[in-house]
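As C-alpha cells, the structure follows; a few thoughts come after it.
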Amino acid sequence: MSKRIALFPALLLALLVIVATALTWMNFSQALPRSQWAQAAWSPDIDVIEQMIFHYSLLPRLAISLLVGAGLGLVGVLFQQVLRNPLAEPTTLGVATGAQLGITVTTLWAIPGAMASQFAAQAGACVVGLIVFGVAWGKRLSPVTLILAGLVVSLYCGAINQLLVIFHHDQLQSMFLWSTGTLTQTDWGGVERLWPQLLGGVMLTLLLLRPLTLMGLDDGVARNLGLALSLARLAALSLAIVISALLVNAVGIIGFIGLFAPLLAKMLGARRLLPRLMLASLIGALILWLSDQIILWLTRVWMEVSTGSVTALIGAPLLLWLLPRLRSISAPDMKVNDRVAAERQHVLAFALAGGVLLLMAVVVALSFGRDAHGWTWASGALLEDLMPWRWPRIMAALFAGVMLAVAGCIIQRLTGNPMASPEVLGISSGAAFGVVLMLFLVPGNAFGWLLPAGSLGAAVTLLIIMIAAGRGGFSPHRMLLAGMALSTAFTMLLMMLQASGDPRMAQVLTWISGSTYNATDAQVWRTGIVMVILLAITPLCRRWLTILPLGGDTARAVGMALTPTRIALLLLAACLTATATMTIGPLSFVGLMAPHIARMMGFRRTMPHIVISALVGGLLLVFADWCGRMVLFPFQIPAGLLSTFIGAPYFIYLLRKQSR
C-alpha cells in the first residue's frame, strides 16, 4: 500500500518535470533561435536585442525561480518541523506581512534606491520576529504560543498594510503586483546576491540537523535527550525567518509553496528530516519553475499575471487531488504548556454581565459620536434622524461578530488545531471571490447581486472541501488543508484582480476589508433571522463539541459516528461564516481570536466557551465599527480592519500574561 501511495505523487512529479522542461524549451525557442542559445548564454552580442534579453532576463529568471522555490521548500520544512504543525509555512510567523509592510512604507514615502526597500523588508520581518519571540519566550517558545502570536502579529501588519492601501490606493498600485510575487529580472544581480545567502542558510540548517530532528518529538522527550529546547527553537526559527525575508526581498510574496512542498515530500515517502529537506527543496524549485514558465507563455498569448497567483492556482488543485492519499497528520495539542485561568464558575453571571456590557456598547454606538461641531450625545429627534444610518451598521457588526466567533469556536473544537478559523477554511475567501467575479461579469451596478454571488461562492467552496476531505474520511486536518488551499488560491486571484488596475476593484476594496458601509435594514433583518436559527441549532451539538477535542479514538469509543458528525459541524460553521461574510465582507480576525480570548479568560467547557466567544466577537465588532466611524471622522475605517487593531493588542497581552 505504501508503495502505491508513494508511486502516485512520484509519477505526478515526473509529469510536472516534463511539462516544465517542454514549456521552457518552447519559451526559449520563441525568444531566440536554438542555434544562438550557446552564444547568448556565455557572450551575448550587444547588437542583437534578442540575445541580450535571453542572457539578462530569461536565464536569470529561470535561475531565480529555481533558487526561490528551493528556499521556500526549505523554510516550509523548518517551520513545520519546529512548530510541529502541518499548516505552518513561511507566512505563519508574520515574516512575509512584516516585510510587505516595510516595502509599503518605503513606497509611500518614496524613499529611493533598491537597498532602501531591501533594508525595509528585512527590518519589517525582523521586528515581527522579535515581537513574536518576545511574547512566546516566557513559555519556552512553545509551538502553540508561537503560532498564535505569529498569526496575530501577521494579521496586525496586514491590517496596517490594507489601511494604507485604502487611503493611498493610487500611490500603492504597483504594490499589488509585488505582493503576489514577480520574478522579472533585468540582470544577474539578484541571482548573484541570493545564491550565496541561500547556500549559507543550507549550511546552517545542516548544522542544526540533530536539534531539528529532536524538535519533531515531544518536548519532554527532547529535553530528556539533552536538547536545550528554547535555544534550539530560537536558532531554527531565526534562521527560517531570515531566509524567508531574503526570499521576500528577492521576488516579493509567493505563497503556498512553503505549505505544499513539505507535504508532497512526505507523500513521496520522505519520513526522515534530511531526505525531507532535500526533497521539499527540489519540489519547491520545480513548482516555481513550472509556474514561471506558464507565466512567460501566458504573457505571450494573453497577458502578464503574477507568479504567486499561478503558483497558487497550480498548487491548490494538486493539493486537493492528493489529499485523499495523505496519511494521518497531527497538530500540537492546544493545551500543551497551557496555563490559562482556572475554569470559571458562575457562568450565568458572567454571561449576563457580558450581555449588559454588549447592550451598553450598542447604546453608546447609537447615541455617542461626532459631527461637524464636535462630540455629541444624540437623543430625541436627532437620534431618530440618525437611527436609519447607524442602526443597520451596528446590528450588522453585532450579528457578524457573533456568528464568526461561534463558527471559529466550532471549527477549533472540531479540528483541535489552534490555527483553525472560518477564514482558514476558505469559505470567506470563496464568498468574496464570488462577489468580485460577479462585479466583473455583470454590467452596471452589480451590488444587487452581492448576496447570491457570495452565497454561491461560499457554497461551491464548501462543496469542494467536502469532496476533497470526504475521500479521506473527513479527517479534520484534511478539511483544514483543503480550506487553506482554496483560501490561498482565492486570495491570490483577488490580489491579481487588484493588480489589474480595473476601476471596479476600487468599489469592492472597502467591502473586502470588512466594512459595514452598505448594510441595510432588510439585510440586517435577514441576517438576524438566519443567525437566530443557526445559534438555536448550536446547543444541540454540545455533546459532539465536548467529545471531539479528545480525539477520534475517544469519540468512537463512546459511540459517536465521526464522519456524519464532522459533516454536520462543518455545514453549521460554513453557514455561520457565509451569512456573516455576506453581511459585512470577509473579515480576518474575529473568528480566529474570539474563541481563544474566551478560553484564556477561563471558559473552556463547551457551552460557556461558545457563549462568551459570541459575546466577545459581538462586542469587538460593535466597538470596531464605532471607532471606524469616529477615529478619522469624516473618513471611515472598515470594521474588519479596526477589529484587528483593537483585538490584537489585547490578545497579545493575554498570551504574554499566560507566559509569566
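The backbone N, Cα and C atoms fix where each Cβ goes, glycine too.
Taken from Swiss-Prot, the feature site 'Interaction with FhuD' covers THR182 (among others), and the record attributes it to experimental evidence. Around THR182 (site 'Interaction with FhuD'), taking its Cβ as the centre, 20 other Cβ atoms fall within 10 Å, counting all chains. A coil conformation is recorded for THR182 (site 'Interaction with FhuD') in the three-state DSSP classification, outside any helix or strand.
Per Swiss-Prot, the feature site 'Interaction with FhuD' maps to THR184 (among others). Around THR184 (site 'Interaction with FhuD'), a 10 Å sphere centred on its CB holds 15 further CB atoms from the protein chains shown.
Under the three-state DSSP scheme, GLU304 (site 'Interaction with FhuD') falls in the coil class. For GLU304 (among others), the entry in Swiss-Prot reads site 'Interaction with FhuD'.
Positions annotated as site 'Interaction with FhuD' by Swiss-Prot, on the basis of experimental evidence: ARG390 (among others). Other C-beta atoms found within 10 angstroms of the C-beta of ARG390 (site 'Interaction with FhuD') number 19, with every protein chain shown included.
Sequence-distant neighbours of SER515 (site 'Interaction with FhuD'): residues of the same chain at least 6 apart with a C-beta under 8 Å from its C-beta are ILE584, GLY585, GLY628, GLN636, PRO638, ALA639, GLY640. Taken from Swiss-Prot, the feature site 'Interaction with FhuD' covers SER515 (among others).
Taken from Swiss-Prot, the feature site 'Interaction with FhuD' applies to TYR517 (among others). Around TYR517 (site 'Interaction with FhuD'), taking its Cβ as the centre, 17 other Cβ atoms fall within 10 Å, counting all chains. DSSP assigns TYR517 (site 'Interaction with FhuD') to coil, not to a helix or a strand.
Residues 62, 264, 267-269, 283, 286-287, 289-290, 293-294, 296-297, 318, 322, 325, 327 of the same chain lie 6+ residues outside the transmembrane segment (5-25) yet bring a C-beta within less than 8 angstroms of a C-beta in it. According to Swiss-Prot, the transmembrane segment annotation covers 5-25 (among others), on the basis of sequence analysis.
Here Swiss-Prot flags 62-82 (among others) as transmembrane segment. Beyond its flanks by at least six residues, the transmembrane segment (62-82) meets 24, 88-90, 92-93, 143, 183, 185, 188, 190-191, 194-195, 198, 201-202, 205, 212, 215-216, 233, 236-237, 239-240, 243-244, 246-247, 250-251, 254, 257-262, 265, 273, 276-277, 280-289, 291-292, 307 of its own chain at Cβ-Cβ distances under 8 Å.
The transmembrane segment annotation in Swiss-Prot covers 118-138 (among others) and rests on sequence analysis.
A Cβ distance under 8 Å defines the sequence-distant neighbours of the transmembrane segment (147-167), meaning residues of its chain 6+ beyond its ends; these are 83, 85, 88, 91-94, 96-98, 100-101, 104-105, 108, 124, 128, 131-132, 135-136, 175, 332, 418-419, 509-510, 513, 588-589, 592-593, 596, 635, 637-638, 641-642, 644-645, 648, 651-652, 655. Here Swiss-Prot flags 147-167 (among others) as transmembrane segment, drawing on sequence analysis.
Counting only same-chain residues 6+ beyond the ends of the transmembrane segment (197-217), those with a CB under 8 A from a CB of the stretch are 67, 70-71, 74, 78, 81-82, 84, 225, 227, 229, 232-233, 235-236, 239, 242-243, 246, 272-274, 277. The transmembrane segment annotation in Swiss-Prot covers 197-217 (among others).
Same-chain residues lying 6 or more positions outside the transmembrane segment (240-260) and placing a CB less than 8 Å from one of its CB atoms are 64, 67-69, 71-76, 78-79, 82, 87, 89-91, 93, 95-96, 99-100, 117-118, 121-122, 125-126, 129, 178-183, 190, 193-194, 197-198, 201, 283-284, 287-288, 307-308, 311-312, 315-316, 318-319, 484-485, 488-489, 491-492. The transmembrane segment annotation in Swiss-Prot covers 240-260 (among others).
Taken from Swiss-Prot, the feature transmembrane segment applies to 277-297 (among others), supported by sequence analysis. Distant neighbours of the transmembrane segment (277-297): 13, 16-17, 19-20, 23-24, 26-27, 58, 61-62, 65-74, 76-77, 183, 205, 254, 257-258, 260-262, 264-265, 268, 270, 304-307, 310-311, 314-315; these residues of the same chain sit at least 6 beyond its ends, with a Cβ under 8 Å from one of its Cβ atoms.
Nonlocal intrachain contacts for the transmembrane segment (348-368), taken as residues 6+ away from its ends with a CB within less than 8 angstroms of a stretch CB, comprise 375-379, 383, 386-387, 390-391, 394, 398, 603, 608, 611-612, 615-616, 618-619, 622-623, 625-626. What Swiss-Prot lists as transmembrane segment is 348-368 (among others).
Feature annotation from Swiss-Prot assigns transmembrane segment to 391-411 (among others). Listed by sequence, the residues of this chain that lie at least six past the ends of the transmembrane segment (391-411) yet keep a Cβ under 8 A from its Cβ atoms are 358, 362, 365-366, 420-422, 424-425, 516-517, 519-521, 523-524, 527-528, 531, 534-535, 538, 541, 545, 569, 572-574, 576-577, 579-580, 583-584, 587, 590-595, 598, 609-610, 613-622, 624-626, 629, 639, 643.
Cβ atoms under 8 Å from those of the transmembrane segment (447-467) belong to residues 320, 425-435, 437-438, 479, 482-483, 486, 490, 511, 518, 523, 567, 570-571, 574, 577-578, 581-582 of the same chain, restricted to positions at least 6 beyond its ends. Positions annotated as transmembrane segment by Swiss-Prot: 447-467 (among others).
Neighbours of GLU304 (site 'Interaction with FhuD'), defined as other CB atoms within 10 A of its CB across all chains, total 13. Remote same-chain partners of the transmembrane segment (118-138), defined as residues 6 or more beyond its termini with a Cβ less than 8 Å from a stretch Cβ, comprise 93-103, 105-106, 111, 145-146, 149-150, 153-154, 157, 230, 234, 237-238, 241-242, 244-246, 248-249, 652, 655-656, 658-660. In three-state terms derived from DSSP, ARG390 (site 'Interaction with FhuD') belongs to a helical segment. Long-range neighbours of the transmembrane segment (567-587) within the same chain, counting only residues 6 or more positions beyond its ends whose Cβ lies under 8 Å from a Cβ of the stretch, are 396-397, 399-401, 403-404, 406-407, 410-411, 414, 422-423, 425, 427-429, 431-432, 450-451, 454-455, 458-459, 462, 465-466, 470, 474, 479, 511-516, 519, 523-524, 527, 530-531, 534, 537-538, 541, 544-545, 548, 621, 638-640, 643. GLU304 (site 'Interaction with FhuD') sits 10 Å from THR182 (site 'Interaction with FhuD'), taking the Cα positions as reference. Note: the CA-CA distance between ARG390 (site 'Interaction with FhuD') and TYR517 (site 'Interaction with FhuD') rounds to 10 Å. Between the CA atoms of TYR517 (site 'Interaction with FhuD') and THR182 (site 'Interaction with FhuD') there is a gap of 34 Å.
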